[in-house]
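*Asks:* First, the structure itself, so that you have it in front of you.
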Amino acid sequence: MANVTVIGAQWGDEGKGKIVDWLAERAHVVVRFQGGHNAGHTLVVGNQTYKLSLLPSGIVRGTLSVIGNGVVFDPWHFRDEVAKLQGQGVTITPDNLQIAETAPLILPFHRDLDGLREDASGSGKIGTTRRGIGPAYEDKVGRRAIRVCDLAHLDDLELQLDRICAHHDALRAGFNEPPIDREALKAQLAEIADFILPFAKPVWLTLNEARKAGRRILFEGAQGVLLDIDHGTYPFVTSSNTIAGTASGGSGLGPSAAGFVLGIVKAYTTRVGSGPFPSELEDEMGQRLGERGHEFGTVTGRKRRCGWFDAVLVRQSAAVSGITGVALTKLDVLDGFDEIKICTGYELDGKTYDYLPPHPQDQARVTPIYETIEGWSQSTAGARSWAELPAQAIKYIRRVEELIQCPVALVSTSPEREDTILVRDPFAD
């Protein structure tokens, strides 16, 4: 059977949660493969609204959910999120949720370092969520990380603590912070271990067995391609690779397992925090998009910056991530605009670009080249078929397809999961 990998094709917050929930009903397994609890998903199921930041979206429907080895895992946040969802009536047990034994832990001093660095950066802030994601990935790459499997071997942790504390104590001294309290840390780990360990499994084995059995696997990406550590607007990016190729390394399945790569894009563009944003609207039009789209971050609550759809960036995202088709979300937010613009290129120092230059100073200085399309007055909210869309909305969708060189597979017209127009089924064999 076909697998599907869902990724954001902009700067995150594209509406992946709803699309993953819509697909998860037919998936046998849902997998998170990168990131941490720094990116949120909002799911609306009936009269219930669920806000997730670490758990795979499939857990809400009881689908087997997996947190892969590519995720940096905060055990205390995990416990809180599980408790919150259980309070909303969601069943979460080791029977329907597994955590990779090799996932690195986010520890309290990672959060400390994240905040200390951001505060010391002044105008150079990159907009971190201060949740310790970056420092935890640094320790993983530096071979200092304490991992989920270490919670079962707390008596054998001294050498690892020597390595990780030597590194962090030196950094903390530079901020006039005291050394890590090793005994307190061991006590914290001992306290949380009993809650975490029942969920710890060799998830690569679970996933390979599922694949051999012909079960549908849905890979759920976090953030978006434009926040990818290699392919995003560096340094205003996250600390992991967010492209679809990461689904393999972050879960323990081979690269052919990704299947249909579904890129999620808003019908306009948003960004949270600092960094270049060529099509940003810092005027009444941008404010109108933000108000109509309720653009506030799920995790941080920060107001999102808004702008017109940037076809250049989405085309770039589709290329580097091998996107098979896109899901266009929040089409209804554009209802009632007399004119709608699409960014089709950039100008910089007299030169025209059909891609975003790599240097941050150039990215900040490019001027967008726009194509203007007539808007529509008829509401698209709640539409579930092409027949319910106004002709100009269909024209807009078709023009987006042409410019990003990628077909639209789904169109979302409201937060409700059923308000979705299916053009091509990603799970079709």
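Cβ coordinates come from backbone N, Cα and C, glycine included.
Taken from Swiss-Prot, the feature GTP binding site covers 12-18, 40-42, R304, 330-332, 412-414, and the record attributes it to sequence analysis. Feature annotation from Swiss-Prot assigns Mg(2+) binding site to D13, G40; the stated evidence is sequence analysis. Look at Swiss-Prot and you will find D13, E14, G15, K16, N38, A39, G40, H41, T129, R143, Q223, T238, R302 tagged as IMP binding site. Sequence annotations record features per position, and here Swiss-Prot assigns active site, proton acceptor to D13. Per Swiss-Prot, the feature active site, proton donor maps to H41. Swiss-Prot lists T298, V299, T300, G301, R302, K303, R304 with the feature substrate binding site.
Mind mapping these onto the model and telling me what they sit next to?
*Replies:* Within 10 Å of the C-beta atom of D13 (Mg(2+) binding site) sit 27 other C-beta atoms, taking all shown protein chains into account.
For H41 (active site, proton donor), other Cβ atoms within 10 Å of its Cβ number 25.
In the three-state DSSP assignment, the secondary structure recorded for H41 (active site, proton donor) is strand.
Summarising the environment of K303 (substrate binding site), the number of other Cβ atoms within 10 Å of its Cβ, over all protein chains shown, is 13.
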*Asks:* Counting distance between Cα atoms, which of the binding-site residues N38, T42, Q223, T413 is nearest D13 (Mg(2+) binding site)?
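*Replies:* Comparing Cα positions, the candidate nearest D13 (Mg(2+) binding site) turns out to be Q223.
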*Asks:* Fill in the CA-CA distance, H41 (active site, proton donor) to K303 (substrate binding site), as an integer in Å.
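*Replies:* That comes out at 16 Å between the alpha carbons.
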*Asks:* Among G15, K303, L331, these being the binding-site residues, pick the one whose CA is nearest to that of G40 (Mg(2+) binding site).
*Replies:* G15
*Asks:* Between the binding-site residues T129, Q223, K303, which lies closest to T42 (GTP binding site), Cα to Cα?
*Replies:* Q223
